[in-house]
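This report refers to the structure that appears directly beneath it.
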Amino acid sequence: MAQKIKESKWMPILVPIVSVLVALLIASVIILIIGKNPLLAYLKLFEGAFVGRAAWADNITKMTSLLLTGLAVGFGFRAGVFNIGAEGQMAVGGMMAVMVGINMGNVSPVFAIPITIFAGMLGGAFWASIAGYLKAKTGAHEVITTIMLNWIAYHIGNYLVSGPLAVGQGVPKSPEIAKSAQLPPLMTIQASNVPSGILIAVVAAIVMYIILEKTTTGYEIKAVGYNAYSAEYGGISISKNIVLTMAISGALAGLAGAIEVMGVHHRIFGAFTSGRGFDGITIALIGQNNPIGIIFSSFLISSLRSGSNSMQLAGIPDDIVVIIQGVIIFFVAADRIVKTWITKASTKLAKEGEAK
Amino acid sequence: MSWIEAIFATLASPLFYRLTILSALPLVFAAIGGVFSEKTGVTNIALEGIMKIGAFTSIVFAIKFDNPWLGLIMGMLAGVILAALHAYVSIEWSADQIVSATALILIAQGLVGFLMIPIFGHKGQTNLVAHKLPTVELPIIKDIPFIGAIFNDLSIFFYFAIIIIFASWYLIYKTPLGLRMRAVGENPKAADTLGVNVKKIRYFGVLMSGLLAGLGGVYIALGDIGQFIEDMPSGKGFIALAAMILGNWNPIGAMWASLLFGAAEAMNIQLQSMLTLPSEMKALLNLLPFVITIIIVGGFVGKTRAPAADGQPYEKE
């Protein structure tokens with residue numbers, strides 16, 4: 001019986017759900033410790049994320065980039081690559097999109113938009129490929145190289161907006177990209193724009209699903225991720241696949257940066273990624289690295305993020321969301337603990353059922 | 001001053017060597033912490049998070065109780081507690097160690113950010129502590145030119161580091177415990193067959209990594225500037241991982257690698273003050289340590305070798 005539950009096809013969905021619930025419970029205890037009311041905190045969180053049109057617009061704006069960084073990390077995971085560098089790749093993607101986008105003045109949007117998007121994806125792909133290449137050629141662990149590349153991207157971004165690309169006074173920022181390269185809003189609700197980038201992000205998720213599940217390339221990538229040695233024995237080139245995986249993963253993160261620039265601020269500020277590359281790790285893990293799962297998990301995290309502002313107004317520091325994310329990842333890593341809980345609970349339920 | 005002149009002037013100044021040592025200190029502690037964990041077969045990329053918790057806790061206690069020594073102890077203890085979570089799920093539940101460590105980095109970051117307001121009333125940075133940990137004056141050496149300028153009045157952490165480097169080398173390579181650690185990291189099954197308690201040894205390794213990385217965090221906050229800033233340790237935990245790899249999972253090697261990264265940081269600081277550059281160009285020099293890390297990890301890592309069972313959960317059959 002216990003074994004049957006452990007192997008149940010529901011487990012991949014149950015583990016993240018239970019992890020989220022446990023994380024919320026632990027966060028409640030932490031909120032209680034500083035003398036605040038966790039129920040009030042979660043109520044504010046809910047309001048900030050879902051009540052009113054502005055909340056929804058903000059939520060969907062946040063979800064767009066999170067969905068893409070989640071896909072970026074998830075795609076890497078499928079191939080056995082731990083791309084912790086979505087942060088830097090997103091930043092480079094945004095920088096490239098700005099540098100190309102400000103020059104699109106006389107170009108028709110029909111060309112300007114795809115060219116600018118492509119520039120962002122290329123930037124992210126290039127940035128990630130550095131780590132992929134080093135891993136394939138010298139075995140340098142991608143966790144270290146991508147973290148270093150994050151820092152380098154961060155400093156280059158700050159340099160660009162206070163040096164070559166700087167405009168205006170005050171907060172260092174780049175010029176706006178040309179009108180023709182800006183993504184039109186999907187709809188405008190009382191001064192809140194719902195960006196059309198969400199459509200691109202959802203399409204990216206579906207494309208990734210098709211690549212992974214229906215193509216030979218996807219099969220090879222998954223085979224390398226599952227067991228690199230037997231994949232090589234089966235005639236799949238590991239090093240080619242690692243570079244390719246990193247490039248695709250980086251392109252997705254770069255797309256996040258480009259869409260953010262083109263649809264939201266139309267420019268970059270220094271370090272504009274503000275942790276969304278790291279959020280991608282949480283999202284990929286909760287979504288079990290499945291593109292469709294990632295659509296749902298990115299919505300979960302974007303709701304936490306957009307709700308955290310109104311929680312902060314109620315006096316609860318928004319960092320609680322980061323703790324919640326950390327605890328979720330912790331239990332996803334230790335999924336066996338969660339599986340054991342679920343198995344025990346369901347066995348108990350089954351026994352009680354029999355007793356009746 | 002031209003670039004070449006500035007580089008030579010830097011190399012000729014005792015301040016450069018002093019800064020190299022001081023910048024290397026937190027890396028030495030955290031990198032040797034990493035050595036302890038990985039020698040027993042558990043990777044611990046959470047060093048960054050452990051340093052953060054250590055740095056924050058040390059300042060909290062040093063300020064609240066006006067006692068830097070209490071800060072030191074509590075900072076290390078906080079590191080041990082965070083590492084214990086990693087040890088528990090890695091050793092008892094065969095968790096994915098990279099994922100678990102990533103979780104701990106987030107938890108550390110969130111927890112520190114969360115506690116800043118209730119404890120200090122504001123975010124960003126804390127007040128300065130009234131008393132830092134002491135520096136050590138060297139009677140005769142301080143009068144020797146150049147050498148004196150480098151070594152006199154160094155933080156007491158410098159002496160901690162020297163003791164830890166050699167003590168951990170001795171422990172790992174010359175004692176029965178060290179032999180067991182290496183056996184567990186290379187071939188846990190064989191070690192188990194010979195009656196070594198694999199779990200116990202792994203707990204020891206991971207908890208030591210928490211203690212030492214915590215100490216590294218204490219140094220950057222309490223030993224150096226005497227306050228906690230929210231973006232501390234700004235990547236040093238990851239550079240320490242690189243130092244551990246470059247140092248071939250050996251405490252002495254980790255020391256040399258840390259000194260190399262320390263030199264990159266010192267060069268960055270010195271060049272920023274010497275070169276007459278626009279400020280945005282100076283900010284770009286901050287890239288130096290990270291670029292050097294990538295070049296080194298990318299170029300040399302083929303020649304080093306991790307313990308064979310590093311990152312592999314072990315389960316008794």
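Yeah, the Cβs are placed from backbone N, Cα and C, and that goes for glycine too.
From a predicted model like this one, the values you see are computed outputs, not experimental measurements.
Here is what TrEMBL says about this protein:
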TRANSMEM  A:12-35  transmembrane segment
TRANSMEM  A:63-81  transmembrane segment
TRANSMEM  A:88-105  transmembrane segment
TRANSMEM  A:111-134  transmembrane segment
TRANSMEM  A:194-212  transmembrane segment
TRANSMEM  A:242-265  transmembrane segment
TRANSMEM  A:320-338  transmembrane segment
TODO: Might you confirm whether the transmembrane segment (A:194-212) is in contact with the transmembrane segment (A:242-265), defined here as three or more C-beta pairs under 8 A between residues 6 or more apart in sequence?
DONE: yes
Open item on the list: Below 8 angstroms Cβ to Cβ, which residues of this chain, lying six or more residues outside the transmembrane segment (A:320-338), approach it?
Closed with: 14-16, 18-20, 22-24, 26-27, 30-31, 41, 275, 279, 281-282, 285-286, 301, 304-305, 308, 311
Task: Most Cβ pairs under 8 Å with the transmembrane segment (A:194-212), selected from A:12-35, A:63-81, A:111-134 - done: A:63-81
